[in-house]
Amino acid sequence: MEVSELPLDARLIAVLKERGVGRLFPPQVEAVRAGIFDGRSVLLCTATASGKSLLAEVAAVKAGLEGRMALYAVPLKALAYEKLVHFSYYRGLVKVGVSTGDFDSDDRRLHEFDVVVVTYEKLDSLLRHRPNWLGLVGVVVVDEIHYLGDPRRGPVLESIVAKLRHLGLKTQFIGLSATVGNAGEVAAWLGARLVESSWRPVPLREGVYHGGVIRFSDGSMQRVNAPGDAEVALAVDAVAGGGQALVFTNSRSSTVRLAKAVAKAMEAAGLVPRGAKALAEEVLKASSSKIIGRELADLVARGVAFHNAGLELEVRRLVEDGFRRGLLKVVVSTTTLAAGVNLPARRVVVADYERFDPALGREEIPVLEYRQMAGRAGRPGLDPYGEAVLVARSKGEAEYLMERYVRGQVEGVRSHILAEPNLRAHVLGAVGGGYAKSLDDLVDFFSNTLGAAQMKTSLKLSILRSKIGGVVEELVEWGFLERDGDFVYATELGRQVARLYLDPEVAAGYIRLIKSLRAGNVPAYLYVVLTAPDFPRVRRGRADKRVVEGILAALDVEEDEEFEDLARTASMLMAWIEEVDEDVIYEKFDVAPGDLRVYVDLFQWLGNAAAKLARLVGREEHGKRLEVVTARVVYGVREELLGLVTSLRGVGRVRARTLYNFGYRTLEDIARATVREIASLPGFGEKLAESVIEQARQMLAEGLRGEV
C-alpha cells in the first residue's frame, strides 16, 4: 500500500513523503485495514521497527487536524521527551506539548495543544482533575502497553481506561507493544481490534553463545574469533564485522567494567573509530560529576560507552545520540534500562539473564524483557540482519537459555490493580475524582479493569464488592472518606490526597508524623518526606550525627534498621542542601548524578505534597518550612540562595554561591553591576553576565524588589 492511498490530509501525506515513507510495511497495512485511520480502537502487537509508532503518531496528528485533541502516553519521562522530538516533524501542522510533572495541577492550558505527550501517571492525574478540555480528546495512544503487567504502572493504565469509559468519551484507543503474551485477552478488554505480526524489516537471528560459538535457533553456528571474555568478544566481533553492539548486563558496576574491557580490546584490535572526541567533550561538560564524567568521556573518545541510571538524563541522551550517529560502536547498558533504550544495533548481547532484587534476591528476567532487548537487533537500512545473543557459562545453561528465552513464549500480562495497596489508591482516586459516589459505583468502576476481566468466577461482583468494602473502611479510618450506608464521599483531605496523587498510606503516615513533630528542624522535615517508600534508601556511608540528633529531637521514632537507612538518606540530602561538592556526596554515599536527580524529582513532588497536607491539618508553620526545605532540595542550596536560583535562568547552586560570596545578594546588586564585573566572576562569561543583569533589571522593572 502506498502512502498516497491513505485516507489522510494531503499535508500529512506530504510530511510522510518528506520523511522518506513511500510504501507501508505489511503490519502497517493490516493496521490501516483494521481502521486505525477510521477512528477504530486498535491494539498493535508487532515487532520493533515495524512502524507501529509512526501509525500512532499519524493518527494523533490526524485528530489534531480534524479539531480534536490527542493524548500520547508513555511510561517514562525520558521516552516522553524522545517522543516530543519525533512529533517535531509535524510542527507545521499541529501544536505539540508535553506534560510529565506536577500532579497537583489540571494543566488547563493543555487545550491549546493538538497533541500532548504525557506519562501514564500524569494522564491518570489529569483524569482525576477532570479539566474541561477532556471533552476535546479524540485519540488516546498508550505506548508500551505491556506495562499493564507491571505491579506499579499497570494499575495506573487500568485506572485510565476505567475513567475514560466512565466519562463516556468517544475516544479512539491505540495500544502499542512488541510483546504481549495474551494480546487477544487485552484487545478484548480494550474493545480494540488486534493487529499481531512478527514481521520485521530486518531479519532477526537469535542464539546462545558458549565456548567461542554462537548456536542459532535455526541450527546454524558461527564461530567468534575475537579475544576476551564472552561479552567483550561478541561486542568486538560485531564491530569488526562493520556493525554496532548493544550489551545488556545486570548491574551498574558491570556496565562500567565491561565498557572498559571492550574499549581496551577494540584498541588492541585497531577498531577505535574516529570522530568521537567532540562527543567526549560534550559528555564531560554535561556531567555534574567530574569523576564519572571523565571516566565516561575517556571511553566515549574510544567509541564505547556505559549507560545506566546513575547517569544524568542529558548525558544518557548524548550517549544514545552518539550511538545512533555511529560515533559510538558499543554501548553497555543495564537490563533495567532496556525499555528506555531505543537503540537499534546489529548485535544485541544479553550478558546476564539474572539480576538482584532487594526484596526477592536473584531472579531471572522474564521472557518479555528478553524480547524487548532482542527486538533492538538490526538497524533498518543499515544491517542485512540483526542478532540477539544470550551468553551461557556452561553447555547445560546454553540449552536452558535456548528453551527458556529463544524458543520460549512471552508471558501474558496479569493485572495488579486488585492488590490492596493499588486498590486503596485507585478507590480514593475514583471517589475523589468524582467517578464514584457509592459502593455500587465503585464496583461498576472496577468492573471495567483488566483485573475484573481476568477474574474467572461467577462470584466476581461479590468478591469485588468485598475487596472494595474493606479498602473503603481503611480510607474512612484515615479520614479520607466518609460513608453513609452505601454512599461514599471524599473529605476535603481525601480529595487533596487524590489530587496530589499520593498513596493514601503514605499520606496517612505524613499526617501522623507532622502532627507528632515536637519541633521543626531541617533533618526532621527531610526524614518525614523520605518515609515514603518511593524513595530508594541510601545503603552506604554514615549518617551525620547532627541529622540523627535533629530527627530524634523532633520525633519519637525507634532507632531500628529502617531508621538508620532513612537517617543516611537524609544525611545525603542534607549534604546536598548544605552545598557540599557533588563528587564528595557521590563518593561518600555511593550515589551517582542520576540517583540524585531521582531524589530531587521525587522530593519536589512529595515534599510539596507534605507541605500541603500540613496546612490542611492545621500545621501552617510546618507547611511553610516544608516548602522551604523542598525548594532547597530542588536547587541544592542553603536558604539564603533560594532567591537567586529561583529568579535567574542560567544560575544554579555553584554560580549563585559565587554571586552571593562576591556581594551580589539582591536583584538590585546584580542590576547595578556592569557586564565586565559579573563576567569576571568564576563560572561567568560575558554572554551569561549580560543575561543575568538583563533578567535582574527586567524583574525590578516589573516590581520584584528587595532581598531575593
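Using N, Cα and C of the backbone, Cβ positions are placed for all residues, glycine too.
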Range annotated as motif 'DEAH box' - as stated in Swiss-Prot, picked from 51-54, 143-146, 219-222, 683-686: 143-146
For the motif 'DEAH box' (143-146), sequence-distant contacts whose Cβ falls under 8 Å of one of its Cβ atoms, 6 or more beyond its ends: 43, 53, 56, 72-75, 79, 83, 157, 175-177, 179-180, 186, 339, 368, 413
Those binding-site residues listed as Gln28, Ser53, and which of them has the most Cβ atoms within 10 Å of its own Cβ: Gln28
Recorded ATP site residues Gln28, Thr46, Ala47, Thr48, Ala49, Ser50, Gly51, Lys52, Ser53, farthest C-alpha pair in Å: 12
Near-site residues: ATP, ref Gln28, Thr46, Ala47, Thr48, Ala49, Ser50, Gly51, Lys52, Ser53, CB cutoff 8 A to centroid: Phe25, Pro27, Leu44, Leu54, Ala178
Neighbourhood of Ala47 (ATP binding site), C-beta criterion under 8 angstroms, separation at least six: Pro27, Ala178, Ser197, Ser198, Trp199, Arg200, Leu204, Gly375
Tally of DSSP helical, extended and coil residues in the motif 'DEAH box' (143-146): 2 helix, 0 strand, 2 coil
For the motif 'DEAH box' (143-146), mean pLDDT (0 to 100): 95
